[in-house]
Amino acid sequence: MGISSLKLLKYVLFFFNLLFWLCGCCILGFGIYLLVHNDFGVLFHKLPSLTLGNVLVIVGSIIMVVAFLGCMGSIKENKCLLMSFFVLLLIILLAEVILAILLFVYESKLNGYVAEGLTDSIHRYHTDNSTKAAWDSIQSFLQCCGVNGTSDWTGKVPDSCPAGQQVKGCFVKAKLWFHSNFLYIGIITICVCVVQVLGMSFALTLNCQIDKTSQVLGL
């Protein structure tokens, strides 16, 4: 692999990471938008900071930092930045594998925790405006009612619930959607892992090639 191949590889890695940096910007922007305009976090009173907005802000920030290291390391042919990029991608990949295993092992406990948190938030529907707004938004968007059905509501059923006696609960409907789209979610997850492995391979190859080129040029 000569100098021309080195240039090709570094530009491929640069544009590869530039694309991901832009994706990270979009995810971060959407997360900030949700934090400003969304109150879904109040549904889980015990963990109010565990919201979709916060998760997207963290994920978007991590993607931007990692992609920035990849961009600068490739275009500047900086071995330190390239290895930092490689190590961070490896850590993220291992964290994803561990998280997937934990979700699989503790799926029932997680379902119980989510159902408990949602049920607890129903009791605060009439006393907390942010909780009321969150439930109304979810029920209108998903066309569901309560956690497991209309029976979860004591007294008058909220107007945001769709009409009908056979309306599914929001938690039940979310689980059905997840199971029905499990194949697509799995394909997307595998694609993300493959892209990460490719990024690590490019970074490691470029790092080794920089050494070889330096030896050829006598640097």
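Cβ atoms are placed via backbone N, Cα and C, with glycine included.
Since this is a predicted model, take the numbers as computed values, not measurements.
Taken from TrEMBL, the feature disulfide bond covers CYS145-CYS161. For 12-35, 47-69, 81-106, 182-206, the entry in TrEMBL reads transmembrane segment.
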In the same chain, which residue numbers or ranges, 6 or more beyond the ends of the transmembrane segment (12-35), come under 8 angstroms Cβ to Cβ?
51-64, 66-71, 74-75, 85, 198-199, 202-203, 206
Within the same chain, where does the transmembrane segment (182-206) have neighbours whose Cβ lies under 8 angstroms from its own Cβ atoms, ignoring anything closer than 6 residues to its ends? I mean 6 or more beyond.
6, 9-10, 12-13, 16-17, 70, 73-74, 77, 82-83, 85-86, 89-90, 92-93, 96, 100
Would you mind checking how many other C-beta atoms are within 10 angstroms of the C-beta on CYS161 (disulfide bond)?
20
